[in-house]
Every structure is written in structure tokens, then in C-alpha cells.
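Here's the structure we're looking at; comments come further down.
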């Protein structure tokens, strides 16, 4: 970790009243959580991810929400929903590693070497988006980080897939069936993790509605467990801590300059470190997110641009 002993910053604006920055993540009131929070939702089967996000928007009284990675209507599981200003950070899920549990339905009895066949797909694979996809149908590479058989029957496998964002699990199941010589299709599919969110902290729509009702009666405990500070979605990114005066300049649209940098450090979750051209989150000394940006130069320099602004979060 690089630490700086000086907290100089450029003067900002002409107002005599400095703007108020967000409170530390663990000290926010419920209104602040609702306007800059994230719900790790257990998406039910049936509605689309967009429909579910709209329900949460209406239930929480926010003008805007976003979700962290779409799920088809029949797919269940981990769907982080970003509330209010947190919707600006939805891009952090674009390249997040995803994990799924799926049923592989073989069209004939599994061959004796099915485990070896499955293991061959734990690599970079090539896929073309399906005809109904919203993206251009061109061949592209996707990494399968791990592929484990959790259960096995004569014609059915329960698989856990950890993969790059944008992997088509249905196509993966089809290709495994071809390699096995039996043919196969995907059965049930559930997402168990996306980025730093997993199925260990999921909440249902019913949980959220009940918690909102309790909060309206003065009991905030359940809602505070469900709506997490938005910074939770950024814990996999390297951090650049900046002075409050520099944070106020960012709020006015300025990037982060070297004199305003206090220190840099690795991600709270994972092993990402602040490298040139890497995505970083700039935070205040008490941990409140200020902006997403790209580290463009040495943060220990005496002058110059350090973090180019991608998304303002204040």
C-alpha cells in the first residue's frame, strides 16, 4: 500500500458552503441506504430481471435502479439490484465472474468417461450468441474457470460452472452433449454468484416487502440487513483514498489529481491491486465511494492527473 503524508488539494468552486459528502457506509440512515444501496436479490422464476428491478424500484420509492447482469425469465438466483445513485455503477458487473448451478440433461446414458469429457471444457471456449440474442452474432471466446460435477445419474448431471461474463450456459450444455456423443440440453439453471455477491446473502422479494413494512413501523433491523451500502458492489476494485476537498471537486465533475490523493490500496475482496490502466474506486478517508475511474499515472507523483473519471458517485 502506498501512503501519502500530505493531503493538499486544489481549491474548488466559488461557493462558501462546502458540499456535504456521504456519511460512512456503516453510519447511513435508511433514506441514504435506499438512495445508494444494493439488494442481493434471489430472483424468482417467471419475471425478467428488468421486471424484478422495476418492482424493487417502486417498492423502495426510487426513481432509478439497475441490476448487475441480466437473467432470463426462467433462471433464478443471484441478481444484485442497485438502488438510486448506485445505478451509476452497474458497469462493474459487466466483466464480473459468474457462477451457476445447472442440470445437464443427457439424451442417452452417460458414457463411462463423462467426467473426463466435462473436464475438457474447463478452458477457453468459443461460442456464438443465439439467434434471439440482443448482441451481434459473432464467434467469441469465453473462459470457463471451473466446471464441477456435483451429482451424477444415468442421464443427468448437476454441474457447477464458474465462468466469464457473457457465457451461454445453454450452449455449453449442448456442446458437452455433442462431445459425449449423446446429445444434451440444459435443464434448470440457477445463478449462485456474480462478482462479490453469492447465494449466502440472498433476499427474496417477500423479504424486502416485509422489511419495508417493519421499517415503516420503526423496526429498521431487517431492512438494514437486506439493503447493503452500495460500496459492497465495489469491494473487488483497488481503492484510491482522496481528501474530502478532492472528493468535492469530483462531485463538480473534476478528475482526481495527485495532490488530492491520500493513499492507494488493494481491493477489499480478491487480489486486485492499483495498476496503471486498471479500474479503481476513489473513496473518502471514511470509506464513502466518490467515483469510478481509471488509474492513469503514478498516485505518488507530486502533480498531474491520477484517476480519470468514468462514473461520478456523489
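Using the three backbone atoms N, Cα and C, a Cβ is placed for every residue, glycine included.
Cβ neighbours within 10 Å of residue 72 (active site, nucleophile), excluding its own Cβ and spanning all shown chains: 12. What Swiss-Prot lists as active site, nucleophile is 72, and the listing cites sequence analysis.
Under the heading compositional bias 'Basic residues', Swiss-Prot lists 1-10.
The domain 'PUA' annotation in Swiss-Prot covers 237-314 and rests on sequence analysis. With DSSP classes pooled into helix, strand and coil, the tally for the domain 'PUA' (237-314) is 11 helix, 31 strand, 36 coil.
Per Swiss-Prot, the feature region 'Disordered' maps to 1-30.
Summarised as a single figure, the pLDDT of the domain 'PUA' (237-314) averages 96. When secondary structure is read from DSSP and collapsed to three states, residue 72 (active site, nucleophile) falls in the coil class.
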